[in-house]
Each structure stands twice: as C-alpha cells, then as structure tokens.
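Below is one structure, written out as structure tokens; the observations come after it.
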Amino acid sequence: MSETLVLRVTVSAMWVFTVIMILVKNNRSARILYRLNALTQAVLLAFLALFLNQNGLWVSAGLVLTVKAFGVPRVMRSGSYVVERDYSAHSPVGMAFALIITVAVTIFGFLVGQQLHGYQPVVQSILWGTWLVALFQMILRYEIWSEAWGLLNFEIVTSSLAVLLITTFPLVPDILVDAVAIGMALLLTAYMALMRSQYDSVDVRKAGELKG
Amino acid sequence: MTVLENIWPLSIPMAAIIVAYFLPVRYLRILNGFVIVCLLGSLFLPLWHLFHPVDALAYWFDITATVFGAFALWFSGPYIEQESIWHPWDSRHLKHYYVALYVFVGSLMAMALLANYLLLWVALEAATLSSVYLVQSSRTRTALEAAWRYLMVTETGGLAGLLGTVLIVLGTGRNLGAWALTPPRGHIPLDAPMVFTGIFLAAIGYGAKAGLAPFHTWLPDAHSEAPAPVSALLSGVKLAGAVLILDRLFTLSSFAVPGFWPHDLLLLLGILSLVIAASFVAFQQDLKRLWAYSSVEHIGLIALGLGFGGIGVLGALLHVWTHGINKTLLFYNAGTVRAYHHGLSSLPATSGLLESTPYTGGLLALGATSIVGLPPFAPFWSEWLILMGGIASGHIILTIAAILMLLAIFGGITLKMPRWLMTPGETRKAAIKEPWSLILPSMVLGVLVVVGGLALPGLVPHMFHQAAAILHYKTSS
C-alpha cells in the first residue's frame with residue numbers, strides 16, 4: 001500500500017471510532033472506543049515516523065501507547081466503575097439527527113483542511129473533520145461518563161492533528177501534553193465518582209446547569 | 001544567557017510541591033512562610049543579575065503572579081483553617097489543597113517566565129487543572145458542579161488553543177522548539193490561511209481560559225465556589241495571563257495577516273465581555289458572584305486596551321496590576337464575610353457589614369470604591385489610559401459604548417454594595433469578631449490599593465514601557 005493510502009485509512013479509522021463514540025450507550029463501550037482511538041493515534045505516529053524518517057515520533061508513539069491506550073483507561077476505570085452498568089439518558093436529539101450533523105461538520109472540516117497547505121492535505125482534511133465531530137460530541141452529550149470520554153477523545157484527535165500539522169513534535173512539549181491527558185483523566189475520574197455519589201445519576205442535567 | 005537564568009525562580013514552587021507532599025501537615029504553615037519569603041526575594045534578583053526574565057513583559061507578569069501568589073499562600077493559612085471547621089477536612093485533604101495551590105502558583109509564574117509557545121500552553125493547562133481541583137475543594141454539590149463546568153468548558157477551549165498555537169507558530173515560519181517569543185527577524189515564509197485559522201482557534205481557546213464572553217460561562221460559578229485565595233488568583237492573575245499569551249500570539253501573527261484583524265477580534269471579545277458584565281452585575285445576590293462578573297468586565301477592559309493598541313496597551317498592562325490588587329482584596333473579604341455570616345451558602349440576607357465587622361466591611365467598601373473606577377484610585381487611571389487609547393486609535397463609537405457599559409456596571413455595583421454594607425432601618429447588628437490573621441493580609445492589600453497601584457509602574461517606568469512596547473502590532477499591509 002502506498003504511503004498516502006495507509007495514512008488515509010488510519011485517520012479514517014479515527015473518524016469512524018469518533019463517530020461511533022457519539023452513538024454508544026454505556027461507559028464500557030466508550031472506554032473501548034477511546035482505547036481503539038489511542039491505538040490508532042499510536043499507529044499514525046509510527047507511520048509518520050517511518051515515512052518522514054522522524055525518529056523522535058517513535059518515542060511519541062510509544063508514549064501514546066503507554067499513556068493513552070493503557071494508562072488513561074486504567075485511571076478512568078478506577079473512578080468510573082460506579083457508572084459501569086449505567087446506560088445513557090434519553091436524549092431529545094435523535095441518532096439520525098446526530099449522524100446528519102456529523103456528516104455536515106465533517107464536510108466543513110474537509111473545507112477547512114483544504115485551505116491549509118502542508119503534508120498530506122487530504123489526510124489533514126479527514127482529521128479536521130474528525131476534530132469537529134469530537135468537538136460536536138462535547139456539545140451533544142449530557143451523561144458524565146460520556147462527556148468525560150468525549151473530552152479525552154477530543155484530546156487524542158487534537159494532538160494527532162497537531163502532530164500531523166507539524167510532522168514532528170518537540171519531545172518536551174510532547175511529554176507534557178501527555179501529562180495533561182493524564183491530569184485530565186485523574187480529575188475526570190475523581191469527579192465521576194464524586195458526582196455519582198452526590199447525585200446518584202449519570203445525567204448531569206439533573207445536577208443543574210452544568211453545561212456552558 | 002541560558003534558559004535556566006530565565007526560569008530558575010520556578011524551582012521555588014516546584015521544590016515546595018515536593019516538600020509539601022512529604023512534610024507533616026502541622027509544618028505546612030511554616031513552609032508557607034518560607035516559600036513566601038523566597039518568592040518575594042526572587043523578584044529582586046534581576047538587580048544583581050542573578051535572574052534574567054526573557055523580556056520586560058515576562059518580568060512584569062512575573063511580578064504580578066509572584067506577589068499575588070505570595071498573598072494567596074499567606075491568606076490560605078487562616079482562611080483554610082476556618083474552612084476546615086465548616087467541612088471536616090482531614091490532613092490528607094489539607095495537604096492536597098496546599099500541593100495543588102503550589103502547582104497553581106508555580107504554573108502562573110511559568111505563564112510569565114517560559115519563552116516557548118507550546119510550553120506556555122502547557123503552563124496554562126497546568127494552571128487550569130490545578131485550579132479545577134482547588135475549586136471543588138469544599139466538596140459541596142455546587143462546588144462540584146462549578147468545577148465540572150470549569151473543566152469541560154476550559155479544556156475544550158484549551159485543546160482548540162493548542163491547535164491555534166501550533167497553526168500561528170507554524171504559519172509565521174517559526175520553529176516550535178524555539179526559546180523566544182518575539183517574531184523572527186528578516187524574511188520569513190508566511191502562510192496566511194494557516195495563521196487566519198490559528199487566530200480564530202486561539203481566540204476561542206485562550207478566550208475560554210480568560211473568561212472572555214461568550215466563553216465566560218464557567219467563570220461566575222468557579223469564582224464563587226472556589227476558596228477565597230483561589231478565587232483571587234483566578235481573577236487577578238490567571239485570566240490576565242491567558243489574555244497576555246493570546247496577545248503575544250496575535251502580535252506574532254500580525255506579520256502574516258492584516259494587523260487590524262487580530263486587533264478587531266480582541267475588541268469584539270472585549271466589548272462583548274463588558275456587555276455581559278453590565279447585563280448581569282446588578283442582579284447578583286452573592287458577593288463573590290458579583291466580583292466574578294466584575295472580573296468578566298475587567299478582563300474585557302484589558303482585551304479592549306490591548307486591541308486599541310498604543311497608549312491602550314499601557315493602560316491594559318497597568319490594569320492587570322491594579323485589577324489584581326483590588327480583586328484580591330475584594331475576594332478575600334468576600335471570603336471572610338462568607339465565613340462569618342453564612343457559612344458556604346449564598347449571601348442574599350447579609351447586611352450591616354460596616355457595623356458588625358467594621359474591618360472587613362471597611363476594606364470591602366474601599367475595594368468597591370476603587371474597582372468601580374473612581375479617582376484617585378489606580379483603576380481609574382488604568383481605565384482612563386485604555387479609553388484614551390480607544391479615542392487615539394479612532395475607535396470613538398466603541399469607546400463611547402465601553403464608557404456606557406462601565407457606567408452601567410458602576411450603577412450596578414453602587415446599587416448592590418450599600419445593601420451589604422449598611423443596616424436597613426433601626427435594626428442593630430451583632431458584632432462579629434474576625435481574627436487578626438484574616439484581617440492583616442487584607443489590610444496590607446488595602447494599603448496597596450491606596451498607594452501601590454501607581455507606585456509600582458512609577459518605580460520601574462522603563463520596564464513598564466518596554467513591556468507595553470512588546471505588544472505593539474506591526475502590520476503586513
């Protein structure tokens with residue numbers, strides 16, 4: 001397979017996992033999808049390291065694998081076991097509507113990506129579409145576990161896009177960005193447990209106006 | 001000059017984090033005192049060439065972050081002692097509070113001292129994550145809600161800010177790993193679409209971190225639920241720091257796009273913040289929420305000053321300092337009021353503060369008089385400079401609109417404050433004795449409100465002007 005095709009397939013997989021994450025109904029499925037997306041990011045970094053001869057990106061791929069594919073889900077599991085059996089609340093927004101919006105923002109992402117020059121414009125465009133879908137999830141969902149995974153997934157897509165734009169990543173910021181992901185996971189874990197104990201619910205709308 | 005010479009005061013909070021983690025809780029207040037002395041001492045080291053901030057703006061903001069960080073550590077001792085009476089804070093909880101506070105203060109200093117845009121983003125993230133933890137430290141329902149909203153809104157914005165930073169830095173032909181914040185000299189390859197997209201994303205990201213409208217939704221809740229020393233640091237330092245990083249990025253990008261474009265974006269966010277503050281400030285029932293909306297107003301004013309350029313930038317930088325002093329005083333005393341009148345609940349029924357707690361009431365009256373922009377207090381002069389910057393740059397209608405909003409906010413605060421400070425009718429208020437340990441930091445701040453606002457830029461005028469010069473825009477057109 002050519003370099004272009006491999007990269008397009010990889011980022012398309014990231015788009016697919018991100019779209020499915022909007023639709024999943026429980027915490028466990030969201031965790032699996034997050035892990036799959038983290039693995040996809042690690043694969044993307046490995047391919048970039050290979051195609052661009054950037055040895056530093058191998059370190060990034062290893063970090064992503066360690067921190068995001070294994071570390072973050074493990075941290076999250078320790079706090080989110082309380083919502084393990086919960087299913088999402090009924091949403092007034094239907095699944096079909098969510099998918100229509102997903103397609104619309106993906107097209108918009110493509111248009112944004114086409115305006116920016118650089119390495120692999122189509123791959124960039126797919127990732128911009130994925131980024132907007134991940135952002136859309138932050139607005140769409142209300143359950144605490146869903147928002148938590150949405151934010152962590154948004155971080156994966158954002159850092160993948162940042163690396164693709166740069167096609168290298170200075171090591172110190174790279175490590176620190178991964179530390180931010182861990183920091184977010186730790187806080188989200190604590191809140192999921194604390195909020196669940198306070199409200200006995202997974203729907204944060206019951207906790208008042210939590211959405212900005 | 002080495003990188004370490006630019007940043008070594010950061011080792012003080014970093015060492016404090018490690019020591020605080022292992023030190024028994026009973027010694028934490030002693031550690032606090034030691035850290036305060038070291039932090040304040042670090043500000044004088046440039047006099048002996050032992051510390052070289054990367055530029056004048058970095059030093060200016062480092063002074064702000066360090067001074068208010070030291071105040072937060074000082075006030076935390078007596079305030080948290082009081083708060084731990086309302087909520088059973090065990091020693092682990094107390095230790096976590098101080099460790100998170102050291103991380104917060106250290107990351108605010110890092111926002112001043114680091115000279116790499118990606119690392120500045122990381123410092124802002126560290127400030128956000130540590131302050132999210134601090135906001136929920138009372139563990140009440142409302143505190144949890146506030147922290148959750150704060151985390152969701154600002155982290156979503158923060159990730160947009162990361163992409164914006166990357167796009168602006170790449171689009172202006174800079175090396176992402178470069179240890180410098182100023183634009184490169186000579187011919188540089190520019191990518192205008194990339195910079196345009198970057199400016200848009202950075203405005204959303206850093207705007208959310210700064211609490212600029214329409215991304216301010218997290219701010220009133222987080223400010224009102226956080227412990228008073230944390231509210232003061234959030235309002236006085238973190239918001240301003242995010243705007244200054246945004247303006248540094250816009251200054252960088254003004255080489256690649258028409259200079260008025262980032263200017264106008266700042267003006268739009270600034271005036272929108274004033275409109276939001278003017279609309280809501282008069283309806284606040286809680287003292288801390290009132291000052292939170294006032295923070296939206298003042299961060300909007302700072303954005304306006306930076307957007308106007310010229311003398312407005314000078315006013316904006318002065319306003320960072322004057323607003324920091326005043327808001328710290330106001331949040332500390334609002335915290336004391338909350339502690340001694342209603343516990344953690346809201347304050348709609350509080351009144352007669354001047355009678356029941358004359359020191360706290362008097363200091364609140366002083367801070368409120370100053371923050372609304374009455375002469376001769378320093379905020380009047382910084383606001384004056386910002387508005388003159390608007391007229392000088394030809395933004396007459398916008399300046400008039402800003403003045404009208406400021407008058408509306410002035411009306412809102414002067415309408416609300418007497419209800420808290422005075423006693424209606426013949427009712428007598430029972431005296432409440434707040435401890436001197438809580439009053440003393442506020443009294444020092446009161447002195448700073450009266451003389452310190454203009455004294456600092458008066459003492460270091462060259463540094464102040466050099467700091468403003470860094471944020472002057474250059475246009476490609």
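Glycine is no exception: its Cβ is also placed from the backbone N, Cα and C atoms.
Source: prediction; values computed, not measured.
As recorded in TrEMBL:
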TRANSMEM  B:6-23  transmembrane segment
TRANSMEM  B:30-51  transmembrane segment
TRANSMEM  B:57-75  transmembrane segment
TRANSMEM  B:96-112  transmembrane segment
DOMAIN    B:116-403  domain 'NADH:quinone oxidoreductase/Mrp antiporter transmembrane'
TRANSMEM  B:147-170  transmembrane segment
TRANSMEM  B:190-208  transmembrane segment
TRANSMEM  B:228-246  transmembrane segment
TRANSMEM  B:266-287  transmembrane segment
TRANSMEM  B:299-321  transmembrane segment
TRANSMEM  B:384-415  transmembrane segment
TRANSMEM  B:436-456  transmembrane segment
Among B:30-51, B:228-246, B:299-321, B:436-456, stretch most in contact with the transmembrane segment (B:384-415) (C-beta, under 8 angstroms): B:299-321
Closest-packing stretch to the transmembrane segment (B:96-112), where packing means Cβ pairs under 8 Å, from B:30-51, B:190-208, B:228-246, B:299-321, B:436-456: B:228-246
Ranked first among B:6-23, B:30-51, B:57-75, B:190-208, B:266-287 for CB pairs under 8 angstroms with the transmembrane segment (B:436-456): B:57-75
Contact call for the transmembrane segment (B:30-51) and the transmembrane segment (B:190-208): at least 3 Cβ pairs under 8 Å, seq gap 6+: no
